[in-house]
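Quick notes on the structure that follows.
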Amino acid sequence: MKVKPENKQENPPRKNGFHCPLDPKQVSLWIVFFIFVTYTFILVIPVFNLWYIPFSFEALAVICFVFFTLRTTWIDPADFSVRYQSGDRPQFKKTKDNPHVIRNLYCQICKINVDNRTKHCRNCNKCISVFDHHCDWLNTCVGVRNYRYFIATLISAQVMLFLTFLLNLLAVVGLSVESRPMLVDSHPILTGTELGVLITSSIICVLILVMLFFVGQLFVFHLKLIKNDQTTYDYIIAKRKLKEQREKEAKENAAQKAQDNQAFEVCSEPGGLPDEDEIMDSFEEKKKRVKSATERANSHSFDPLQTVATISDVRMDHPASET
C-alpha cells in the first residue's frame, strides 16, 4: 500500500557517523588508510636497519589518528534537547511562507526550542548545537560537542601522512643508490621486490603530497575560523550575502549606466537640444522685437496690432533696451 504524500514521515535522526547508511567517502577513507598503513608497515619499514625506530613513530601516529577519528565519528553532536524517540515526524514541507526548518528559534522537525547558533542538518536529520558543517568523510556533523576532536583528527592526519611520506621517500632514495647506509642489503620479507617497492613508494609519495595539501588547507581554514570566532556555516552565509550584495550593486550600476547612456543619446540627436546658432538667432530676434516696441512707444505711435512684445521678451532683454 502506497503512503499518501500528505502522510509521509521524516527519516529518523542518525545518532553518529557509524549509523547506516555509511557514506561512500567514509568507506573510501578507511580503505585508503588501510592500504597505505599496511604497505608501509609490511614492505617499507622492514627495509631500514633500525626498523623499530620508524615503526614506533609510525605506530604512534596511526594510533592517534584512529583514536581521534573514531572519537569524532562516535560522538553525537546533536543538541542536548534532541530526543531519539519513535513517533510521528511529519515530513517538513518547504513553502514560500515557511522556507526554513527552524522558525523563530523552534525546529519544526525535532519539535524543540533552539538557540540562534543551532542548525538542523538534513543529512543527519537532527539539530546540531553550534553547527559547523556536515563532514562526508566522517559521515557525521561537526558541532560544539565534537569540534575539538575534529581539529585533533586533522592534526594527527597531517602528522601520520607526513611520517608515511617521509618513510616512503627515504625508501625510494635508499633503493635508488648503490650505497645503503640506512637500509638492509636485501628485503627481509620478499626477496627481489626492491624495484616494486621503489615504484609503489614513488606513487604513494605523490598521492600523499596531494592529501597533505588538502588536509593542510582545511586545517589552516579552521584556524582562521577559530581566530574570527566563526563556524564554517557562518563563513558560507557571510560569503553568500556578500556575493548577493555585490550582484545587487552591479545591477544598480549597470542600470544607472544604461540610463546615462540613454540620456546622452537623446542629447546627441539632431532634434534633442538646440545648437548655439539657434539660441543666438532666437536671442537676436527677441532683441529686435523689444527695441522696435520701445522706439514706437517713445514716438507715441505705438500700435499693438503691428508689433507684439511678450513679457518674457521684455524680462529677458530689459538691459538691452536701456542701451
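All residue numbers here begin at 1 and follow the chain in the order shown.
Just so it is clear, glycine is given a Cβ too, placed from its N, Cα and C backbone atoms.
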- Stated TrEMBL location of region 'Disordered', expressed as one of 69-98, 249-278: 249-278
- Message: Averaging the per-residue pLDDT over the domain 'Palmitoyltransferase DHHC' (103-236), what integer do you get?
- Response: 88
- Determine which residues of the chain contact the transmembrane segment (149-175) at the Cβ level, with the cut-off under 8 Å and only residues 6 or more beyond its ends counted. 36-37, 40, 44-45, 47-48, 54, 57-58, 61-62, 64-65, 67-69, 71-72, 75, 132, 135, 138, 142, 182-183, 194, 197-198, 201-202, 204-205, 208-209, 211-212, 215-216, 218-219, 222
- Item | Folded-back contacts onto the transmembrane segment (27-45), same chain, C-beta under 8 angstroms, at least six residues removed | 51, 54-55, 58, 62, 65, 137, 164, 167-168, 171, 187, 189-190, 193, 197, 200-201, 204, 208
